[in-house]
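Asks: Okay, here's the structure, questions in a sec.
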Amino acid sequence: MISRVENISQPQFYNHNKIWTKPFIIAIIVVIILGIISLFTGVYDIRGQEDGMEMFFITRVPRTVALMLTGAAMAMAGLVMQLITQNRFVEPTTTGTIEWSSLGLLFVYLLFPAPTLVQRMTGAIIFSFIGTMIFFLFLRRVKLRSSLIVPIIGLMLGAVISAVSTFLGLLFQMTQSIETWFVGSFANIQVGRYEYLWLIVIVTLLIFMYANRLTLAGLGEDVATSLGVNYNRIVLFGTALISVAVGIVAAVIGNLPFLGLIVPNIVSMFRGDDLRSNLPWVCVIGMGTITACDIISRTIIKPFELPVSLILASVGAVVFITILLRKRKPRRLR
């Protein structure tokens, strides 16, 4: 078992066979509305312009698609991480995974002066996997009495890796690039710069296919093994999928903090922790959350644009503190 912690962090399972319920359909409609608002939000007014339609398909459509795919990826990564570690406070931001992916990007730039997007993604994915496995191995060797210790350990590990990245950046005069990676923004997304995000769809399908095994892994090593699941193999597989999702997002977008913490916890409050039935909910709410934050980032100080990571960090911090302080009673959506 990766960690033994207080009951607050333990998964709670409910049977939800129906996906297309009234609340889920309403959630999809809300996300579609947010997507439409995103398509027509920006400094450049595409209406009535000669090149309006061209700009619409070159910049607005790719940005909105990137928002949807990225929101689903990071929320999904947080959900799988929380199941594997049996801790509700774990996600790529609180495990150091994002910092490891940034370190991977730095090493790619050190090896290849002008790396391609594929090379950047490969470096980010490999380092994300290594960093996440180091975090998981540490949890397996240390008995923790409180669930709160787990994210603290992850944040400390992330701080160390961030310091290493900063040192290497200063040493090789790459501090500006590092600052860019640590700030997630969709401002530069356009045709030709986001297409690899479609790989997230494959990751989502794989997670859905292995959802039952990942859910059993969330019960702990002893229970999962007794039910015929190869615990170590499924944890390794889940970690690989998380690393692919986080690595792609890090290379294309940058750091998007707390999204994997906010969404899975909101969903689990109402639906428990069954991965197969929760995955559509997590993806949809993840899409809506990041799209709403991006719309705010584009309009709050218009005509200027804030990095969406700043909005996410602010919202995520409030939600994180609320989760720590609130005694939650799961309710079921009907």
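The backbone N, Cα and C atoms fix where each Cβ goes, glycine too.
Feature annotation from Swiss-Prot assigns transmembrane segment to 24-44, 64-84, 98-118, 119-139, 152-172, 197-217, 234-254, 277-297, 304-324; the stated evidence is sequence analysis.
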Asks: Give me the stretch from 24-44, 152-172, 304-324 with the greatest number of Cβ pairs under 8 Å to the transmembrane segment (277-297).
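Replies: So the stretch in question is 24-44.
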Asks: Need a quick answer: max count of Cβ pairs under 8 Å to the transmembrane segment (119-139), which of 64-84, 152-172, 197-217, 234-254, 304-324 is it?
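Replies: Maximum Cβ contact count belongs to 234-254.
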Asks: Please indicate, using numbers and ranges, the residues of the same chain that are 6 or more beyond the transmembrane segment (304-324) and have a C-beta under 8 Å from a C-beta there.
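Replies: Cβ under 8 Å, 6 or more out: 43, 88-89, 93, 148, 183-187, 254-259, 261-262, 265-266, 289-290, 293-294, 296-298.
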Asks: With pairs fewer than 6 apart in sequence excluded, do the transmembrane segment (98-118) and the transmembrane segment (152-172) have three or more C-beta pairs that lie under 8 Å?
Replies: yes
Asks: In terms of Cβ proximity under 8 Å, which residues at least six beyond the ends of the transmembrane segment (98-118) contact it?
Replies: 92, 124-128, 130-132, 157-159, 161-162, 164-165, 168-169, 172, 174, 177-178, 181-182, 193, 196, 246-247, 250-252, 255, 257
